[in-house]
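Here's what Swiss-Prot has on this protein:
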TOPO_DOM  1-11  topological domain 'Cytoplasmic'
TRANSMEM  12-32  transmembrane segment
TOPO_DOM  33-456  topological domain 'Extracellular'
CARBOHYD  67  N-linked glycosylation site
CARBOHYD  229  N-linked glycosylation site
DISULFID  268-333  disulfide bond
DISULFID  297-352  disulfide bond
CARBOHYD  324  N-linked glycosylation site
DISULFID  335-341  disulfide bond
CARBOHYD  440  N-linked glycosylation site
TRANSMEM  457-477  transmembrane segment
TOPO_DOM  478-525  topological domain 'Cytoplasmic'
REGION    497-525  region 'Disordered'
């Protein structure tokens, strides 16, 4: 049976509307999700893999040093007065090297190489890196703190060794150029032949102290970041590629072939989260993302804070902090001693970096108030000192990230070393870093073209198809049944009767209903 032309048009229009419903609300989300699963996996064919291997633009690496303006008084036990100097801005280039794929368990192994280049134009006005800063002698205090913790009976010998290695220093401070302590290095004189300095330097060489480089003639060169600069990190990291299950992408499963650490207790030794450079897609506000920091030997679990936007893309902001190890059951296993945890907001890094330092938020943000009261000159501000990451939730792409950490040291108080007998024993700040990522315009546009433009086009198209398809179907149906509709409109419940003249020969007035009209009665006045 052939359909009338109007019904054919109506059927076609209705089909368009139905297709718009099915494709726009059912098929397209499935197709988009499937495509994202392929694109976000660390397979060799994806753009994500290329960017994961080598970030094609520099990250911002900013360092803020704390200058001690009252060093002589601090040596006598006074509260330090600090002046923040910075930022010293470095362009940080990151890449992964010695990459190997393992098809059988869907993993990939790699090592890291970071390169830092000082950028005076982006640093604070007037800073060249040649400024002299006064800070606690990191190496000297580190030696004393390590021996005090591990072999306290040898503190007297370490005191004698310090006099030889550091030429009988007048106090526990160093006056040093900013770039020297950060990257270029300061000389540690281990050429002395006296027993105490020689024995101490031999132990240093054997232990492989972090930040220490052996120079000719039994000299050492020490810096905070110099050993990281343009060198391959020895640790081999294994992560999931996410090809079999995209929700596993980037998950750290082993470091140096070991599936867990041995430096903490219980669950804190587990590798939880991604390597911090890639995250799974389809994030919601209720999801707790996780990333593992090999530099701090721990996982962080940022939580959702609020809706944000970046270059026209809607994002979700997540924030994090160091935490409170004594009160948070998940973090209690980071306490080296179960019965004695660091104060709130402080993390003992000694088990991780083999140096007696503490990590905190900059300016002791979200920390025990006592830490802030131990010094003058700090002003914690969550906007300037907090950890925050803005994610595009559908793809899981970090659009903007600010990872901020402060490094602190204890002013060891001990009677066994003259230089240390009058110190306060408080934990004080040395410097803090702000490592920032912000996707440039090129990669934002790439994300828009791959994800948002198709999504918006389909969003408009599906409504157009449903609206105009429904309208076209209605018009076709109405047009086809127009004659029938008109007949129904005319007939309805109304009856039409034919009027014929009566056969009565008496003429009647058609305007009169009822009996024939009679002459009205006359009234006498």
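For all residues, glycine too, the Cβ spot is worked out from N, Cα and C.
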> Using DSSP, would you call residue 335 (disulfide bond) helix, strand or coil?
Replying inline: coil
>> Can you give me the same-chain residues 6 or more apart in sequence from residue 67 (N-linked glycosylation site) with a CB-CB distance under 8 Å?
In response: 82, 83, 84, 85, 133, 134, 135
> Averaged over the topological domain 'Cytoplasmic' (478-525), what pLDDT does the prediction give?
Replying inline: 49
> If you measure residue 352 (disulfide bond) to residue 229 (N-linked glycosylation site) at Cα, how many Å is it?
Replying inline: 20
> Near residue 229 (N-linked glycosylation site), which recorded positions out of 268, 324, 333, 440 have their CA within 10 Å?
Replying inline: none
> Within 10 Å of residue 341 (disulfide bond) (Cα-Cα), which of the recorded positions 297, 324, 440?
Replying inline: 324
>> Quick check: of the disulfide-bonded residues listed here (268, 297, 333, 335), which one has the Cα closest to that of residue 440 (N-linked glycosylation site)?
In response: 297
> Can you check what DSSP calls residue 341 (disulfide bond), collapsed to helix, strand or coil?
Replying inline: coil
> Rounded to a whole number, how many Å is the Cα of residue 324 (N-linked glycosylation site) away from the Cα of residue 333 (disulfide bond)?
Replying inline: 11
> C-alpha of residue 333 (disulfide bond) to C-alpha of residue 297 (disulfide bond): distance in Å?
Replying inline: 13
> What is the one among the glycosylation sites 324, 440 whose Cβ has the most other Cβ atoms less than or equal to 10 Å away?
Replying inline: 324
> Cα of residue 268 (disulfide bond) to Cα of residue 335 (disulfide bond): how many Å, rounded?
Replying inline: 10
> Any idea what the Cα distance is from residue 335 (disulfide bond) over to residue 297 (disulfide bond), rounded to a whole Å?
Replying inline: 13
> Including all protein chains displayed, how many Cβ atoms other than that of residue 335 (disulfide bond) lie within 10 Å of its Cβ?
Replying inline: 18
